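Visitor: In case it helps, TrEMBL gives these features for our protein:
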type: SIGNAL; residues: 1-21; note: signal peptide
type: DOMAIN; residues: 61-153; note: domain 'FAS1'
Amino acid sequence: MSRSVILAFFSALAVMAVVSGTVEDTIRRVVDALADASFEEWSPTFIETNDKIRGDVLRSTLFIPDISANLSGREDRHKVAAYHIVTERLEYFDLLSKPNQTRLPTLLKDYSIVVTNNSESGFSVNGVLITETEVFADRYIAIHCIASPLDFKTYGRTDS
């Protein structure tokens, strides 16, 4: 075999290795990236790391807190990131169709976000207003902005 055929073969294998990531790999990559990013960077970071070129795409919805919001130094940034990602893609219309008190499962195991106001004029989750809808949406993901970070300790436990 020629050298170029061998190089092409190994190049194809390398691409397949990158593309063959599992959903679990995607979840880990997305949560790690968001945990290391500021809220201002969440949207491009989420889109970049949840990409079909890198592996399985996570159909999901991301709620991004206002960029002026800060976390206390004691918050586990991985838990915060995982809690802001719902495990299904929900455009604004889909969210509005959810009854009050509907629980939306998140990537934080055993925790969910609660729809607390499903009116168009004041839609909120966990008592936090959605300030901008669908800042990004495609076939796989939807991103909405919210007024402040969601508190998984108050609303989040699925068994509560």
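Cβ from N, Cα, C; glycine included.
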Visitor: Limited to the domain 'FAS1' (61-153), I'd like the whole-number average of pLDDT.
Guide: 92
Visitor: Tally the residues of the domain 'FAS1' (61-153) by DSSP class, grouping H, G and I as helix, E and B as strand, and everything else as coil.
Guide: 14 helix, 36 strand, 43 coil
